Amino acid sequence: MLLFIGSISSSLLSKFYFNHKGDSRWVSTWVQSAGFPLLLLPIYLPFYLFKSTHRKPFTNLTSKMLLLSIVIGFFLGLNNLLFSWGNSYLPVSTNSLVLSSQLVFTLITSVIIVKQKITYTNLNCVILLTISSVMLALGSSHDKPKDLTKTKYFIGFFSTIGAGLLFALYLPLMEKIYKEVSCYSMVMEMQIVMELAATVLATLGMIIDGGFSEMKNEGKNVFDLGEKAYWLTVMFNVVTWQFCFMGTAGMVFLTSSLTGGVCMTALMAVNVLGGVIVFEDNFGWIKVVSTLLCIWGFSSYLYGMYMKMKEEEEEEKKKDDSLEKLINNDKDEEENMTEIHVTHNT
């Protein structure tokens, strides 16, 4: 639910910011991670308020985990910047469909980093999404806004591809690290360190580029809905991005990086429809076919996951039956031995 709300809301709010004359990509980058203090809630509430855990927050975070979180956090900051560039130039629907190609990269990096097995459903999903992205690229010249040059449009297009590639690297790295993690609170502890590092990177960019003074100016003089609407947009952007990151981290921790990527990509189709409904993005036949291919790919993957779970349940049942049969045989043998012993004594 957090991933669903966060993914859709953050994407639409980011585009809303740029549509109403917000123009700072550093501001858009900064809000993606600046809400990291909100992650203290799922860390401290279970311990102090609900008393559902006896583990004190941050006590099991090793120096190795801390260092890895900082390094990955800087990569996450770069990913946020690329996403902002893409979102500032592309319509929400196009941006979402291009970003869906991250699933292709996630499969490749998962095979390399966490030894993910390649199956028919994996390949089918990857092929369909690749075709979808290629179709979108070929028809992209008809989709760019009228006041946007072709150069800037393709900068946005390839920035989004780059964001997808970096995020695809981030997911399996997280899966590998989470294997040493014992609970969701520890996941959030690592996430807060990553986002702190990403925020430091974005803050440095804001300082060098004059981003904070630009924020004030945008709110007072540039944002066409007024200063109050500007700061509300920034505030809600900060919150919804944290929902998105909390949901993503939880999915990877509980399942796998590939499944987390599939769930995120599945939400891209909803983002496409959101862009069409809210911002009246163009939804020509190329996007229709691309969206259908995305849905087909997701459906085939989910069906494969369902069949795999069913097979595992059947295998588990067979093991239980075999174990029960073995126990019963042992009991029968023990009873027979007892009878023989009694007969012998008689």
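Easy rule for this one: first residue shown is 1, then count along the chain.
Each residue, glycine too, has its Cβ placed from N, Cα and C.
Pulled from TrEMBL:
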- 30-50: transmembrane segment (TRANSMEM)
- 66-85: transmembrane segment (TRANSMEM)
- 97-114: transmembrane segment (TRANSMEM)
- 121-141: transmembrane segment (TRANSMEM)
- 153-171: transmembrane segment (TRANSMEM)
- 192-209: transmembrane segment (TRANSMEM)
- 229-254: transmembrane segment (TRANSMEM)
- 261-279: transmembrane segment (TRANSMEM)
- 285-303: transmembrane segment (TRANSMEM)
- 314-346: region 'Disordered' (REGION)
- 314-330: compositional bias 'Basic and acidic residues' (COMPBIAS)
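Counted over residue pairs 6 or more apart, the CB atoms of the transmembrane segment (192-209) and the transmembrane segment (30-50) come under 8 Å in at least three pairs, which marks the two as touching. Panel annotation: around the transmembrane segment (66-85), residues 14, 25-26, 28-29, 32-33, 99, 155-156, 159-160, 162-163, 166-167, 169-170, 173-174, 177, 190-191, 193-202, 205 of the same chain, lying at least six beyond its termini, place a Cβ under 8 Å from a Cβ of the stretch.
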